[in-house]
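Heads up: the structure comes next, in structure tokens.
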Amino acid sequence: MAVSTAQIGFLVPVNDKLEENTSIPKIPILNGPNIVGRDSIPVADKRLSRKHLSITASPNASVHLIVEGSNPVVVRLNDQRKKLLSRESCEIRDGDVVELIPGYHFFKFVSERNSLASSSQKRDGSGGNRVGEEDELVSRKKAKQVSQDEVFARNLQAEINNGSPVHGRSTETIRYFSPTKNKLPSTFRLMKVKGLPPWANTSAVSIGDVVQGNVQVALLSNYMVDIDWLTTACTTLNKVPHVLVIHGEGDGTLEYMKRKKFANWILHKPPLPISYGTHHSKAMLLVYPQGVRIIVHTANLIYVDWNNKSQGLWMQDFPWKNSDASNRGSGFENDLVDYLTALKLPEFSVSLPGLGNCSINASFFRRFDYSSATVRLIASVPGYHSGSSLKKWGHMKLRTVLQESTFDQQFRKAPLVYQFSSLGSLDEKWMTELALSMSSGVSEDRKPLGVGEPLIIWPSVEDVRCSLEGYAAGNAIPSPQKNVEKEFLKKYWAKWKARHSGRCHAMPHIKTFARYNGQNLAWFLLTSSNLSKAAWGALQKNNSQLMIRSYELGVLFLPSKPQGCSFSCTDNGNQVEGKCESAKTSEMERTKLVTLSWEGNRNTESSEVITLPVPYELPPQRYSSEDIPWSWDRRYSKKDAHGQVWPRQVQLCTTQD
């Protein structure tokens, strides 16, 4: 049955004298539930929640108000002033005033009937008595209210300034994330999510923000590719002379792609020598006349991944090498070329401005100067790796890079966090093996950091049910009950909490691994790797061999010497040299990696502090006894945000990881 949307009344913005504030629009109150918050009130006040109040109205003028946000609300009921805390409620009537933040943002509830009468009085010029009554009412109340208002406002402001967990550091801190141009290569960015308030998409990117400009050659690496969506969402690709799509699709989708692709597109599925493996890496390599743009991200090339999920993306532009042969290869370059070689790319010829005919293959990418790279590549390649290859891939590559790194003393025995969207079939022995790699590295006194305790951030059933997509989001968290509900995993579970990034209801498809102490990060990995032996590899033969099933790719952020990197392939060629310069620092000074919620983020522009927009809250909050980890092959009868149960009668989405 359709719900009536009859108008019940308005919340009319007024000032502290109860005079209408015409700079803010009235908020209509309709029959049924109404949400009042940041989306409906155009004021820049971080204390206003997205869902600050819920108001349920009925045609008989019964209006029920509930405080949904964490900040208190004051309601003026006749001559009484009533403060309501979070989850408290009351009935409001015509003429009652609601202070969304006590002492700030006043709204008077006016019923539809009185609103019409008031408009008629104004047209007739007969509204003077009503205004006089309101002025008199204000005068009577003012003496009693002013001291209480001032005390409450002072306390609230002090709470905000002190950075309390509710009102300060953990609330909407993504709105302060706006890295300068020279810091962009040193951090990563979240992807835009439809349906979130504007503040939650601060500095977030879409596919059109990264694939732009005069691209001559594009290599697109991914697992799933929706060619119809891709060519519509990113029209720049349709003009690129040469496109190579490296994918992991099955035969049915591949045949469709062959029919729908442009003539100048090449499709390539890398060899999978071990059963149950996939090509899962998500990256883009874009060749420009000025240089190359390397992008490593976490989204499949499909609509839902670029619009509805919590995702992450890193990119950096690199210039062509000078003709001078002194430009030697870097660790980043060698790792990139080794990985591209393993893909067994089909070679093809192109004509590039200023260079003439070139063969596009793995070695071609040695032509660029990666000396300014601010990350290390951590890749996985399927196979049985031993000897010199043992430490080239998977968690053994991560172990090797971390062993060569020095970290601050505060990270001795510091905890680890694993966050991902698909859980393999695990055992405690392998979890210990992975933790040893993740815990590698030494402190400044050359002593090992020691093994850290890991926690797994994983959406609960309620997280999925109440998400933007409802249970449908569970299609992209494809882990069966037999993997999720192993007894030994219970000690690892932690909640997906993302209030500060506005992504509590945008289910994570992003995959991240990190070592942290409070809001300080020893290192941080943005990757395509889920938590599985197939992705990270498992040691065999007395630890002399690493078996990996799948292709994966990630970028590792480490403390390093501060650099200013502003080279761009899309700045109309203005930056010919395109060099990144190290800041003038002592040998001991290194960048400090921090989260969005680090206390100094709003007050520092230091080149030594790199903010990484970790979308979830640290330290993680462990599961309670009521929390159930999501598994996609269980039945859930409680209806989701779209009125659906799980599983639906018809599955419309395919598996993705």
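Just so you know, glycine gets a Cβ as well, placed from its N, Cα and C.
The active site, nucleophile annotation in TrEMBL covers H280. If you look up TrEMBL, you'll see H509 marked as active site, proton donor/acceptor. Residues or ranges marked as substrate binding site in TrEMBL: K282, K511. The feature region 'Disordered' is assigned by TrEMBL to 117-143. The annotation site 'Interaction with DNA' is assigned in TrEMBL to S532.
A map of TrEMBL features onto the structure.
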residue : record                             : CB count, 10 Å
H280    : active site, nucleophile           : 27
K282    : substrate binding site             : 26
H509    : active site, proton donor/acceptor : 26
K511    : substrate binding site             : 26
S532    : site 'Interaction with DNA'        : 23
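Ranking the recorded positions K282, H509, K511 by Cα distance from S532 (site 'Interaction with DNA') puts K511 first. K511 (substrate binding site) and the residue listed as 'active site, nucleophile' are 12 Å apart (CA-CA, integer value). Rounded to a whole number, the distance between the Cα atoms of K282 (substrate binding site) and the residue listed as 'active site, proton donor/acceptor' is 12 Å.
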